[in-house]
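Copied from TrEMBL, the annotated features are:
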SIGNAL    1-20  signal peptide
REGION    24-43  region 'Disordered'
COMPBIAS  30-43  compositional bias 'Basic and acidic residues'
DOMAIN    42-389  domain 'GH10'
ACT_SITE  GLU282  active site, nucleophile
Amino acid sequence: MRKFTFLSLMMVLAVVCIFACTPSTSSSTDARENKSTKQSKEPVTRALAAAYSPFFSFGVAVNRNHVTQEDNPGANIVQQHFSVLTAENDMKWESIQPSEKRFTFKGSDALVSFAEKYDKELIGHVFVWHQQTPDWVFEDEEGNFVSREVLLQRMRDHIFTLAGRYENAIKGWDVVNEALNEDGSLRKSKWQQIIGDDFIEKAFEYAAEAAPNAALYYNDYNLFKAEKMDGAIALAKRLKAKGIRIDGIGIQAHYSNEPPLEELEQSIQKVINAGFKIMITELDLTVLKFPDEDKVGADITLDFAFQEEYDPYKNGISEASHQKLATAYIDLFRLFLKYHEHIDRVTLWGVSDKDTWRNYWPMKGRTDYPLLFDRKHQAKDFVDDLIALAESANKIN
Ligand code: XIL
């Protein structure tokens, strides 16, 4: 635990900075007391979600194995540490309506029951996306693109069926996912090509009608980039100007253990100034090198051929890399706390390093360490620091 002395000191200083107030003697003492609790090597018994509840909700993406309890230790972590769940894959179009009008709710129903049983909130992910959406959606029987009218009808039916089934269960929906290019312009997806630029407006209109009680979000990756965030804000403002409801912008946050802190902070400030809520929707921090720096982001179609040199921690992560990860998580949560009045939720994209998508994306067969719980479902040592960070912030607040 000695290795965390510096980190913990930074943490205490950070908490003081978060609220830009002169620290009272008692708050410094409180932070030290938290530290000494940690040094007594007690296991993590306090929950992340409980510690952060004064600031924002703390969520996680779950997969089928958590919901069926096949991954029992993983399910236990979900129950203990997280208050709001997103389906990692089970509410995507290909899972819900794999062929026309054949709806398959097995996975999503099971998730909804799991959430009810353990008293968790649910986020719906996702209505309209160009990925994990079957070809039939865009095609007629001959394989040609359908008309704008047909595609709008299919979009509407899908949104109404899915939102309707879970009307009382879902707190917020990712309505449109990843509609922007890196420069903030509209991606030429099949949605855009067939319907036109207003496919986003239509999706939000249908969602507002079908899910009147749920919050509605636009969600994307690389929104720390100024140009891309400008595009997202322009999009949200366009909707608002037309009287179409949009409640917030979801920042995916698939980063590395060197996250873009300053750029992210500037992006967060822009969303706040524009008057929208922020959700951190898919946080994970790879410790592995991205095979092509120009493609950093979350394009799920990337599939680089396996190369040993990109998989250096097969038998365990290096101490230096782990320390970087710890610092990165602390720094990010310090930032989220600073803007907590505008951030509704922070969701981790996965429970443990055992089942993270980062092991198979953007290169299959690697051993990554991007989450808060390790392959044996143990909380990483800095989870205590994250909890102490929130508890100290709460005392100062
Ligand atoms: C990922 C899942 O984690 C993987 O299991 C799946 O194979 C591909 O999709 N942006 C999103 C998420 O909005 O839905 C993606 O999830 C990751 C990138």
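For all residues, glycine too, the Cβ spot is worked out from N, Cα and C.
In sequence order, ALA61, TYR221, GLY250, GLN252, ALA253, HIS254, ALA298, THR347, TRP349 are the residues near GLU282 (active site, nucleophile), counting only same-chain partners six or more apart with C-beta under 8 A. In this structure, GLU282 (active site, nucleophile) is part of a beta strand by DSSP.
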